[in-house]
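To keep things clear, I will list the structure first and then write my remarks on it.
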Amino acid sequence: MKKNINLRSLAAQAIEQVVEKGQSLSNVLPPLQQKVSDKDKALLQELCFGVLRTLSQLEWLISKLMARPMTGKQRTVHFLIMVGLYQLLYTRIPPHAALAETVEGAVAIKRPQLKGLINGVLRQFQRQQEALLAEFAEHENRYLHPKWLLKRLQQAWPEQWQEIVEANNQRPPMWLRVNRNHHSRDEWLALLNEAGLEGFTHPDYPDAVRLATPAPVHALPGFAEGWVTVQDASAQGCMRYLQPENGERILDLCAAPGGKTTHILEVAPQAQVMAVDIDEQRLSRVYDNLKRLGVKAEVKQGDGRFPEQWCGNEQFDRILLDAPCSATGVIRRHPDIKWLRRDRDIAELAQLQAEILNAIWGHLKPGGTLVYATCSILPEENSQQIAAFLARTPDAELHATGTPASPGQQNLPGVEEGDGFFYAKLIKRRN
C-alpha cells in the first residue's frame, strides 16, 4: 500500500529537475511514479507532460501574477504554482480540489509558510483569467516553443511551420505494431475489439494500429506474449525502406530501446541481426524487448564512429542507422525536448551524424542498403546531411526517397497521426 503522497509536489520537483538541471523527463519521472499508487501514476505523468508542453505560457502568467520570481530554495514553489495553473487551465479537476492539493504541496516540499502565497496567486489567476488569456493570445510566447526553435521551423518550413507547432503541442496518439508472426493486423484488431478497445489502421504501414484512446499495455491482448509492441507509425516506416530478408546479416545501429531491432526480426525472422548502441543502460531495454518477443539478436555496446571496435572488418547486407538527433519530430511525445535542446546542439549533432555515416559506410557490402533515419524535422540533420554525404561518397546512390537535389522522405508531425521522421535509402554501388 503506497502512502498518501502529494502528487503536485512530485510534479513540481520533476519539472524543476528538467528546467533547472537539464534532466530528461524520461529519467526523472519513473522513480517518482514508483512512489505513488497505480491510479495516480497517470495523473502525475499528465501534470509533468502538460506543464512542459505549456511552459512558456505558464512562465508568462506567473510574470503577470507575481511581482518577483521565486529564487533559491523557494524555486520549487515556482514550479508548484505552474502545476496549479496548468490544472486550472487544462484539466477537468474541480478548481477547489486543484487549489487545495496544490497549496498542500507546499507542506510536502517543506515550505508551509508559502501556502498563503500559492493560494493567493492561483485565486488571483481565477479572477483575471479571461483578461490574461486574451492578452496572451497576442503574445509571442503563444506558440509554446522557444524562440530559437520557432525561428528554425519558420526558416525550414515557411508554409507548414504553424501546423508543425500545433501538432507539437497536441497529446500524442498511441500507436502499436502487430507482430505478424502471431496474428495478422486484422486478426489482432478483432481481439482488440473483443477487449473493448477500438483501433485504426495506417494507409502505408501494414502492421500499424492506432488506439482510439491510449491504454495501459497490460490491457492490450497478448502484449506480454509479444503479439504487439508500442511503436509510433513513423518509426515503423523504417522497414518500408530497409526491406530486410531472411538469411541476411543486418546491423541496427543506435538500436536502443530495440523497437526497430524486433521489427526487423518480425519481418525477417531468419535474419542475423546485430544491435548496437552507445548507451549500456538503454541496451537493457533491447534485451527486454527481444525476450518479450521471443527473438534473438547479437547485442553490443559500441560507438557508431568506431565500428572496428565492435565488428572488426565485418560487412553487412543492410544497415539501419537511426542516428542521434535533435528529436524535433517527437516533441509531442517528449515536450521536455523544447526546453532541453539548445540552438548550438544542431550543428554538433549534424557533425556527429556525418562522422557515423562516414565510419559505417565501409561496413556495408557492395550492393547493400543503408537506411538513414532520424526523428528530426530540421534539414541540417536530414536532407542537407544526406546531400553532403552523397557529394563526398562516389559509391553511394540515393534510392526511392526524394531526389539528389532534395534527398530523403520527410514526414512532418501529425501527418497521418504519426511523428515527425526522416528516411533516406542509400545503395552502395557495385564496382
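All residue numbers here begin at 1 and follow the chain in the order shown.
A Cβ is built for glycine as well, from the same backbone N, Cα and C atoms used for every other residue.
In Swiss-Prot this protein carries:
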| type | residues | note |
| --- | --- | --- |
| ACT_SITE | Cys375 | active site, nucleophile |
| BINDING | Cys254, Ala255, Ala256, Pro257, Gly258, Gly259, Lys260, Asp277, Asp303, Asp322 | S-adenosyl-L-methionine binding site |
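Everything Swiss-Prot records as a feature, shown here on the structure.
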| residue | record | Cβ neighbours (10 Å) |
| --- | --- | --- |
| Cys254 | S-adenosyl-L-methionine binding site | 21 |
| Ala256 | S-adenosyl-L-methionine binding site | 25 |
| Gly258 | S-adenosyl-L-methionine binding site | 27 |
| Lys260 | S-adenosyl-L-methionine binding site | 24 |
| Asp303 | S-adenosyl-L-methionine binding site | 14 |
| Cys375 | active site, nucleophile | 26 |
Using Cα-Cα distances with a 10 Å cut-off, which of the binding-site residues Cys254, Ala256, Gly258, Lys260, Asp303 are near Cys375 (active site, nucleophile)? none
Site diameter for S-adenosyl-L-methionine, Å, by largest Cα distance between Cys254, Ala255, Ala256, Pro257, Gly258, Gly259, Lys260, Asp277, Asp303, Asp322: 19
Could you check what DSSP calls Lys260 (S-adenosyl-L-methionine binding site) once collapsed to helix, strand or coil? helix
